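If you look up Swiss-Prot, you'll see 146, 149, 199, 202 marked as Zn(2+) 1 binding site. Residues or ranges marked as Zn(2+) 2 binding site in Swiss-Prot: 163, 166, 185, 188. Annotated domain 'J' per Swiss-Prot: 5-70, in sequence order, evidence recorded as sequence analysis. Sequence annotations record features per position, and here Swiss-Prot assigns repeat 'CXXCXGXG motif' to 146-153, 163-170, 185-192, 199-206. The zinc finger annotation in Swiss-Prot covers 133-211, and the record cites sequence analysis as its basis.
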């Protein structure tokens, strides 16, 4: 199946700024999140498609490559947030390197060919963990420098000779027509050395596979789509080359009480109709405990109370957002005979003496409508 345009996937224009991209991603990710759509394979695929589009369009370099070359410009970049671990790289440089591979029959990566690959890890957090920050331990399956040969790839004590093909330079020059290109030596893979006796532990690669535990400090205020970069924590480099980086993609799980909008939180609070009518004190939940709000007599259903500073601390601004509590009248069910009797008495006693501002406003609007329609 053909890959859809990433701007179409996120339902944004090609001129959308970073804020619009992030806002649309949050909205769509919340709608198609697998936790909200259990047993719905199409929603899961849509969520993966949305995540892949956001990974490209939220990165300025990847977006530039995508805008110019389409999907071909970003095909080397690995999976989206749902891909777990994956190799990094890709982007603008790969487009041109592919041209050289076609012309000269090999890769062109320059002198940095021994650098380890980047890794990606998807980290799931609860809303509380994302809001307050947390130190987590993650297990990374990756390659590490061989402890026996210390990354050289050679058996300890054995001789390592200069490569005869490149004369120990690690590079060869290839000429075709008007083009002259320097590329890593295919004989020694750019190292300039030839191993006569490979290390028995790593078989000459200088790296071994292992799982390692890594402590990660997640800053307070992160949100779905945010990315944490840890320099040098990716794959080990080949034969002593520099290690790649580790990119931790954050995904915040849906919450039972709160919905997040940037640094603000929204919460629906059920309230008894007697409290709304007569007023009183109400306890509402916050991320750090309980808070009390005063309900004025006659408060209408749908009223919103804003608790300043009870939202989430911005990861960059360091300012706390607000908590918006929307009051919703809860109509009682399964009334006893006595309760029904009291309500009937209340209705009889009310008559025209009790004011219902929303009802009166609605009927006035309805009357105007009927008059205009001649009904």
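Glycine too: its Cβ is placed from the backbone N, Cα and C atoms.
Location within the structure of each feature annotated in Swiss-Prot.
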| residue | record | DSSP (3 states) |
| --- | --- | --- |
| 146 | Zn(2+) 1 binding site | coil |
| 163 | Zn(2+) 2 binding site | coil |
| 185 | Zn(2+) 2 binding site | coil |
| 199 | Zn(2+) 1 binding site | coil |
Report summary line: Per the Cβ filter (under 8 Å) with a sequence gap of at least 6 from its ends, the repeat 'CXXCXGXG motif' (146-153) is approached by 160, 195, 198-202, 204-208, 236-237, 239-240
Query - Integer Å distance between the CA atoms belonging to residue 188 (Zn(2+) 2 binding site) and residue 146 (Zn(2+) 1 binding site) - result: 19
Requested in this report: Grab the pLDDT values for the repeat 'CXXCXGXG motif' (163-170) and give me their mean, rounded.
Outcome: 86
**Report entry** 163, 166, 185, 188 excluded, remaining Cβ within 8 Å of their centroid (Zn(2+) 2)
**Finding:** 164, 165, 167, 168, 169, 170, 171, 172, 184, 186, 187, 189, 190, 191, 192, 193, 194
**Report entry** Integer Cα-Cα distance in angstrom, residue 185 (Zn(2+) 2 binding site) to residue 149 (Zn(2+) 1 binding site)
**Finding:** 22
Query raised in the report: In terms of Cβ proximity under 8 Å, which residues at least six beyond the ends of the repeat 'CXXCXGXG motif' (199-206) contact it?
Result: 145-149, 151-156, 236, 238-240
Requested in this report: Can you grab the distance from residue 149 (Zn(2+) 1 binding site) over to residue 166 (Zn(2+) 2 binding site)? Cα atoms, rounded to a whole Å.
Outcome: 24
Report summary line: Outside the repeat 'CXXCXGXG motif' (163-170), at least 6 residues beyond either end, the same-chain residues with a Cβ under 8 Å of its Cβ set are 111, 184-188, 190-194
Query raised in the report: Which of the binding-site residues 163, 166, 188 has its Cα nearest to the Cα of residue 202 (Zn(2+) 1 binding site)?
Result: 188
Query raised in the report: Under 8 Å Cβ-Cβ from residue 199 (Zn(2+) 1 binding site), six or more apart in the same chain: what's there?
Result: 146, 148, 149, 152, 153, 154, 155, 156, 206
Report summary line: Cβ atoms other than its own within 10 Å of the Cβ of residue 188 (Zn(2+) 2 binding site), all chains, total 23
